[in-house]
Ligand code: PBG
């Protein structure tokens, strides 16, 4: 006895499949992470991130124009800070002529309508590779939050549209929001890394920025006192709800693929846009498998990106953004 209902009818050919497809990927979904370095004419491939580069400001200009022409309209800036400018408090982060501040202006000059988000965190500026100021071997919360608020103002002054604190200190969203309001930056948004896990998938990113925690006595070896334990689920909701109460415009789950259960829970629990960061290690895994001929790069990339959106991502930060845009523009 055959069933009356045959689900395969809706899968007969590509026309019917595309008619009933629930999740469609477009360049509008993406936030493109960009790594910026000092120098001229620099386009440095990151060894653990094949086909991903650090750009000096002159070449950053061409890159953002190309992204714009592909329909990619938002970027997330990260800077690689020279070693001699690093210290415990990250004071270079407040330099109005610092690399980040110049990078913001470079993008806005090259492409005035490009949405510019900036990474707000100490680690690229920290001599110890941590997202917080260290006192007596401890990452101190409140002084770090105050510093991040100053950093946010500096980015807003340089022209950033959104600041994106990626540090996981408690209370930093409120501290940043109040500081921005106080200085008149009422339209500068905050995308909060609200559920950011202490993940081993960040390795290639730390290579890209030379920002891994240092191996020294009295310096914490990892980020587990501020980033979340990956065994936890309820905590992600708590963190995210707090950030929204404190003034976050967009919240984020990070990393992506291993955390899609969390993405769906958060999407169901909150009413602000949810971003997902598909991180460097996720990018590196697929590139490596594809290089070996073990996986079909484009097919797996689209499957992963679609899964992230299907799980509930309104915004996807991904190193695959340009590859995806090129593929779907074909
Ligand atoms: C640090 C920061 C990290 C990433 C973004 N901001 C790494 C870390 O927390 O050590 C990781 C992004 C990636 O792996 O792609 N503030």
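Cβ atoms are placed via backbone N, Cα and C, with glycine included.
Reduced to three states, the DSSP call for residue 196 (active site, schiff-base intermediate with substrate) is strand. Annotation for residue 196 (active site, schiff-base intermediate with substrate): spatial neighbours 166, 168, 227, 228, 252, 253, 254, criterion Cβ-Cβ under 8 Å with sequence separation of six or more. Per TrEMBL, the feature active site, schiff-base intermediate with substrate maps to 196 (among others).
Marked as Mg(2+) binding site by TrEMBL: 239. Its Cβ taken as reference, residue 239 (Mg(2+) binding site) is surrounded by 22 other Cβ atoms within 10 Å in the chains shown. Under DSSP, residue 239 (Mg(2+) binding site) is assigned to a helix (H, G or I) in the three-state scheme.
What TrEMBL records for 254 (among others) is active site, schiff-base intermediate with substrate. Residue 254 (active site, schiff-base intermediate with substrate) carries a strand DSSP state (E or B).
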